[in-house]
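So that you can see what the record holds, here are the features copied from Swiss-Prot:
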- 1-21: transmembrane segment (TRANSMEM)
- 39-59: transmembrane segment (TRANSMEM)
- 87-107: transmembrane segment (TRANSMEM)
- 114-134: transmembrane segment (TRANSMEM)
- 147-167: transmembrane segment (TRANSMEM)
- 190-210: transmembrane segment (TRANSMEM)
- 221-241: transmembrane segment (TRANSMEM)
- 247-267: transmembrane segment (TRANSMEM)
Amino acid sequence: MDLIQIIVLAIVQGLTEFLPVSSSAHLILFPHLVGWDDQGLAFDVAVHLGTLAAVVWYFRQEVFGMTRDWFASLARRERVGDSRLAWAVILGTIPAGIAGLLFKGFIEEQMRSPLVIAWATIGFGLLLWWSDVVSRRTPQPRDEHSLSWKDILLIGCAQALALIPGTSRSGVTMTAGLLLGLSRSGAARFSFLLSIPIIVLASGLSTLDLVEGEVAVDWTAMGLGVVLSAISAYLCIHFFLKLLERVGMLPFVIYRLILGAVLLVLFSGV
């Protein structure tokens, strides 16, 4: 990988991991447009570690409080502070974890085509638009602390759909949150907290594959990938949460429709 490819792909991954757009669509589109080779598993691990560092650092107070209160709740066998939110993140992760174990092979073999990604980008983009319309009509939107266990499980099941390339994990979890009556910022915050265990699990599995495959590692590329994806992801989270209530989801929906259409034109000759 040359320096330009490292910079572009790391920044793209950092931005698209948390925006309600599809990271897989971008990682297919950019190499196709400029003729780059596949970035490789080691670089994928690096940029995921960068985005993980960004979201953990941004929500460091929440993560610390949830972790502390979760252990305290286990010791006291009662709810303590933010322990319920910690349990919510754990419960919301389970459906995606199960789906990943059951369908990982099928999805990698059958659903990673550019056309699947294009249609998923468009279809789930329209669902995001609909959920935002529903949210605007909700008289008293809730925050992430008010979710019932049923709500959490439904958002977790929605997150499992993100295994379909082109869906966008953040997009589909925000969609579910908005449809369940969360405010835009509440849906986004819970989506970002849910990303932490998912990124940990995905990075762990990829690291195992990397070790077992004895793949040569470009440590300079990995280091740059971690740093650049972390910076871009942190800035993305900050400005997205700052502007979300004002601009809503429509700009991202329009972008997804354009992106999906471009992929269709490039890969099917539409």
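A Cβ is built for glycine as well, from the same backbone N, Cα and C atoms used for every other residue.
Values in this document were obtained by computation on a predicted structure and should not be read as measured data.
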Best-contacting stretch, by C-beta pairs under 8 Å, relative to the transmembrane segment (190-210) and drawn from 87-107, 114-134, 147-167, 221-241, 247-267: 87-107
Segment proximity, the transmembrane segment (114-134) to the transmembrane segment (39-59), 3 or more C-beta pairs under 8 Å: no
Long-range Cβ neighbours of the transmembrane segment (87-107) (under 8 Å; 6 or more residues past either end): 66, 70, 73, 144, 147, 149, 152-153, 155-157, 159-160, 162-165, 190, 193-194, 196-198, 201
Long-range Cβ neighbours of the transmembrane segment (221-241) (under 8 Å; 6 or more residues past either end): 1, 3, 6-7, 9-11, 13-15, 17-19, 42-43, 45-51, 53-55, 57-58, 185, 188-189, 192
